[in-house]
Amino acid sequence: MKLYEYQAKTVFSEHKIPTPKSILIQKEDTNPEVKSVGFPSVVKAQVLSGGRGKRGLIQLVKNENEALYQVKRLFEIEPSMKHLLIEEAVHIDKEIYVSITVDAPSGKAILIASESGGVEIETLAVEHPELIIKEPIDLRYGLLSHQARHIAYQMNLSVNQTKQMIQILMNIYEIFKKYDAELVEINPLFATKEDTLIAGDGKIMIDDNSVFRQPRFAQTETDYSSEAAYEASLEGIPFIQFDGDIGLMCAGAGLTTTVYDLIHYEGGTVANYLEFGGPNYKKAVKAMEICLKVPSKVILIVTFGTIARADVMAEGIVEAIKKLNPDRPIVTCIRGTNEAHAVELLKEAGLTPLFDTEEAVRTAVRLAKGEKRWVFLSIEKPKCVSKASRVVKEAFGPNIW
C-alpha cells in the first residue's frame, strides 16, 4: 500500500525529519486557507501516481490569486482527488536522493543515496549508475551508525548538514522497520541555503501483507480510484486500472507483465492488470466480476498453472461466465497442471481455448480493434467465427470468443 505524500510527511515529522511548513486542503473546502504558509508556495496534487511535475500537478504560486486558481484547476483535472498539499517554497542549494528499500535476492534491506536527487532513480541508474551509492543493511542488526556516516560523508554537504543527514538516515530506517515498509524514499531531500536539510517529497510503501498491522492507514472506498480497485483490494487481488481496451486476468506477476508487454507490442492497449494466480487462483469469479467493472472491449485470460492447477482455474472461469453472463468477448489461454481437463471444461462452456500466449494476445488485440472476422481455435487451424459462433451463442450469447 502506497501512502500519499501528506501521509508520508506526517510520519517524517513524527520521526524528526524536517518537512516544509504546509497545509492540507480538502476538496470540499469552499474557502481554503491558501495564505497560511505564505508566498511563494507550492501547490501539490495528492495522487498516488508518479510524474506529477511532468503532468503539471505541482505548481509554484506567488500570491493568493494564483494559489486559488491552481487549487481549483488541480481539483478539476483530477476529479477523484480528495486532497491538495500547499507547502512553503524552500531556498534550495542542492537536491539529494535517499531511500531504504527491500533487496529480496539478498534477504536484506538496502540504503540508496545520490547527490543527484530530484530525478527518477530508475533513469539515473541507467544513465549515470556511478552517481548512486548503495549500502546493504543486515536486518538482524539494522542500520548501523557507521553505515549512515559512510553515506552522509559522500554527499558533499556542510558539517552541519552532514550531521543532520546521518540522523535523517537513521530515522528513515526506524520508519522502514516500524511500518513494515517496502520502500521509504525522500526525493528530493533539499539542502537549503540556510544550511538545513528538508524533505521535499516523500514516499512510503507498506507491505500489503502487513497492512493489517498499520490500522492508522486503513483506507476506505473513497481512497481508491474506482470501485473495481477497491474491491480488488478487499480481496487481496493485485489490480491496476488503465484506460485501454483489453482487460487482463493472468496468473502471477511475471506472466501478467509479459502479457501486458505483448499487448502493447501487438498494438493493443490494456484496460486493467489483474493477477489471480498464486493464493488467488480460486477467485476466478471475483476476478472476472472486477474485470467487468472496467470499461474494456475484451477480456484476455492467460494462465500457466503449476501449484495453481489449470483445471481449478478453468472451473472458476466457467462458473464466472455462467454466473455473470459477460457482455464482451473472452479469449482464454490456459496451460499447466491438468491442462487437458481445463481445456475440456472451457470447450464445454462454449469457449475456444488457445495454446499459445502470443496467439491469444493477437486475437484479443484484433477483437478489441473490431476485427471479428477470425477467431483462432488453435495455432494451426484458424476457422471462421461464424462456424463456431452457433454453439457459443446457444450457451452464452454471441460475445464469448
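Backbone N, Cα and C define each Cβ position, glycine as well.
Feature annotation from Swiss-Prot assigns domain 'ATP-grasp' to 9-217; the stated evidence is sequence analysis.
Of all the Cβ atoms in the protein chains shown, 14 others lie within 10 Å of the Cβ of Lys35 (ATP binding site). Lys35 (ATP binding site) falls within neither a helix nor a strand when secondary structure is assigned with DSSP, and so counts as coil. According to Swiss-Prot, the feature ATP binding site maps to 35-96, an assignment based on sequence analysis.
According to Swiss-Prot, the feature Mg(2+) binding site maps to Glu185, Asn187, an assignment based on sequence analysis. Secondary structure from DSSP puts Asn187 (Mg(2+) binding site) in a beta strand. Within the same chain, residues at least six positions away from Asn187 (Mg(2+) binding site) with a Cβ under 8 Å of its Cβ are Tyr97, Val98, Ser99, Gly117, Gly118, Ile121, Gly200, Asp201, Lys203.
Most buried of the binding-site residues Gly51, Ala67, judged by other Cβ atoms within 10 Å, is Ala67. Other Cβ atoms within 10 Å of the Cβ of His83 (ATP binding site), summed over all protein chains shown, number 18. Just so you know, the Cβ of Val43 (ATP binding site) picks up 23 other Cβ atoms within 10 Å once every protein chain is counted.
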